[in-house]
Amino acid sequence: MALVRATRDAFLWCMAVIYLFAFSSFYVQIPGLLGDNGILPARVIEFKEVNSVAEFFRGKPTLLRLMPFLGLTIEKGMDLLCLLGILLSFLCMTIKSFRNSIEYGALWLLYLSLYQVGQTFFYFQWDILLLEAGFLSILVAPLNMYILIWKTVPYHHHDNISLFLVKWLLFRLMFASGVVKLTSMCPTWWGLTALNYHFESQCIPTPLAWYAHHLPPWLLNLGVTATFLIEIVIPFLFFAPIRHLRRFAFYTQVLLQIGIILTGNYNFFNLLTITLCVSLLDDDFFQKRKSRRSKQKSFWYRVADWVLTVAAYGYLIYILVKYFSLSFGPGYTSLRTKIAFTKTEFSDWLAKTVPYTIILGAISLGIEILVSLVRCWQSEKTLFRRLTSSFGVCLMAGVAALMFVVSLVPLSHLHKQATEDMWPEIKQIHSTVAPLRIAASYGSLQRYNCAVPYTVIDVKSNTNLMPQIKTWHRKLDHLHLTSSYGLFRVMTGVGGRPEVIIEGSNDMKDWKEYHFLYKPGNLTERPVFVAPHQPRLDWQMWFAALGNYQHNPWLLTFCYRLLTGQPEVLQLIKHNPFPEKPPQYLRAKLHHYHYTSPKQMSVKYSKVDWWTRESVNEYLPILVKNDQGLQEWLQQNGIFQPIEKVKHSNLLVKAVSTVRNYFGQPEGFTFVMSIFSAGLTINLISKYFHY
């Protein structure tokens, strides 16, 4: 196996960039989202006093519990944690010696601390994915004790093992994301028509999404087929012993993520997924010249390499033809695809495949461990170095084995047959290591009795779990060291893109609309590129439109802040139609949005507008600031709780306040990209001058 020194450095650099995006994006939104006068003030969350390290990790482990000892309020504490996260990630991005396990451990703890108080605005899969990938980056990063003298840590023999865990996470993410689309029984996914609605109904589309929406139907159907192939089938090539196949898997995954980036704003999620894909590469990918080992491959090795590669490509074509009925359309001007298997057949295949994924992962991990041990004795010259390197490999192997095993425990809950076939030893190991807080499973994703690897989705089998495992599951859930994933399970917006439009008035006759920074609202406004910034309010408004305000109680607080003209909250929206004085009345209506048509003969054609819309119904009845019911609800949820004041204005308090006063609440995308551009410039200068 090739070395992964450059691969490790590339992964750690990318993780630093992702952290930089995450912290800087959230920093500009703190006052309006979780600040003292925000939508969901974090100050209403009760924190128990911390007297020991053990108490710190109970409940919700967050550094914000320590803020009173520093003389900081919760809001100022969040500012401090974000600023520290920005600083540390910037240093890790620009200075190689800072890319060590201590720094990445600090970044993980900082983000976990913010996640624990994020409430509704942190209920996104990319947040828990960042926590899991961030924890793995602690294992991937070297333990550098020479930060102050600007030295870097050389390659370790166990780096292949730690990077395997990243690859395993990528496999779980992609495989589950593909499988849930079919186990959800969503007719658009089974009919290969999901992309006919996706580009229009996604949360924050880009301008290119308008054009993608109007692509020929056969091409959109082919896109859904390619998605299934990339997410369900190709991930098995992650573990292929042939470099060409792993690179092919890498390129296909990156191509999918780039397509999503070009048509939708999913903040740092797609970039984080690409970062995980780096684990599929080795140093030969990053080197201009091929390594000596690559040149010295025997003739028969190259023949076997070529034969297996062609066989793999041929099998992918076979899958397309047999299971997706790939064929040419009339006149050979298009391609037709159709799912050629039943839902029962897919469920049976999934039940049989789950155990094989375990075996495949276990064998791959075992090979990585054995090769690392052999390399210790082949490359190290002295006995002392061989023993110390072997000890490091064995230590990392133990950690990797534990992480791998406990990530399998949710798998035993997924399908009845998979539960019966699960090795008793794995269950025993899980119950043994659970007190060590190695991993946690995350939530139920769907209601059908089908197996989805690495996600707890079957209620019946989950009920039959051993009480001890369920107890530890509840206790460990808050650490998010391993989680379950499943994206775009059901396609929304089939009958039109739902949008909640908030309106204000002073006489209940003339209603004026509030427009948000990024989500669709104004029919003539062009969609924007905003990733890697995540406008969390705009995202939650999209989720709110899929339900009702009773299931989105934060919306009442948001409307109250608009009725009181709260400046911190108004900074989160684009247009305030009442700049001088807040309105007396507020309401919300549900509309269905559709893209305009490029065809002049269509009723949806327009030279100016990007959207058309029709009113559906009332979403939120008229609200007034002094409504008794609203006041009681706000009181019960702590919105009127007295704001804590700083008792002692020390140097730290002044520094945090000064930075906030200087930056205020700038536009998120500009702020995020400005910091990233500064770091990238330093990287380029350092590389040019060989610094």
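The backbone N, Cα and C atoms fix where each Cβ goes, glycine too.
TrEMBL: automatically predicted annotations, no manual curation.
Among the features that TrEMBL reports, transmembrane segment is placed at 12-30 (among others).
Below 8 angstroms of C-beta separation, residues 12-13, 15-17, 19-20, 22-24, 26-27, 30, 34-35, 42, 63-64, 67, 70, 103-104, 106-107, 110-111, 113-114, 117, 150, 652, 656, 659-660, 675, 678-679, 682-683, 686 of the same chain, each at least six residues beyond the ends of the transmembrane segment (77-95), sit close to that stretch. Sequence annotations record features per position, and here TrEMBL assigns transmembrane segment to 77-95 (among others).
Taken from TrEMBL, the feature transmembrane segment covers 107-124 (among others).
Here TrEMBL flags 123-287 as domain 'Lipase maturation factor 1/2 N-terminal'.
According to TrEMBL, the transmembrane segment annotation covers 130-149 (among others).
Within its own chain, the transmembrane segment (161-180) is flanked in space by residues 4, 7-8, 11, 129, 132-133, 136, 139-140, 227-228, 230-232, 235, 238-239, 253, 273, 276-280, 350, 357, 361, 364-365, 368-369, 372, 393, 396-397, 400, 403-404, 407, 445-446, 452-455, 457, 484-489, which lie at least six positions past its ends and keep a Cβ under 8 Å from the stretch. Annotation comment: TrEMBL describes 161-180 (among others) as transmembrane segment.
Tertiary neighbourhood of the transmembrane segment (218-238): same-chain residues 167, 170-171, 174-175, 177-179, 181-182, 189, 192-196, 245-246, 248-249, 252-253, 255-256, 280, 312, 316, 319-320, 324, 326, 329, 334-337, 360, selected by CB-CB distance under 8 Å and a gap of 6+ residues from either end. What TrEMBL lists as transmembrane segment is 218-238 (among others).
Taken from TrEMBL, the feature transmembrane segment covers 299-321 (among others).
Marked as transmembrane segment by TrEMBL: 356-377 (among others). Sequence-distant contacts of the transmembrane segment (356-377) (same chain, six or more residues past either end, CB-CB distance under 8 Å): 1, 157-158, 160-161, 164, 168, 171, 175, 236, 239, 386, 389-390, 393-394, 397, 400-401, 404, 408, 411, 453.
According to TrEMBL, the transmembrane segment annotation covers 389-411 (among others).
The annotation domain 'Lipase maturation factor 1/2 C-terminal' is assigned in TrEMBL to 481-621.
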Taking every residue in the domain 'Lipase maturation factor 1/2 N-terminal' (123-287), the average pLDDT works out to 92
Lying 6 or more residues past either end of the transmembrane segment (107-124) yet within Cβ distance under 8 Å of it, the residues of that chain are 16, 19, 22-23, 26, 29, 33-34, 39-40, 42, 45, 60-64, 74, 78, 81-82, 84-85, 88-89, 92, 130-131, 134-135, 137-138, 478-480, 534, 536-537, 539-540, 552, 554
Residues in the domain 'Lipase maturation factor 1/2 C-terminal' (481-621) per DSSP class, helix first, strand next, coil last, are 27 helix, 40 strand, 74 coil
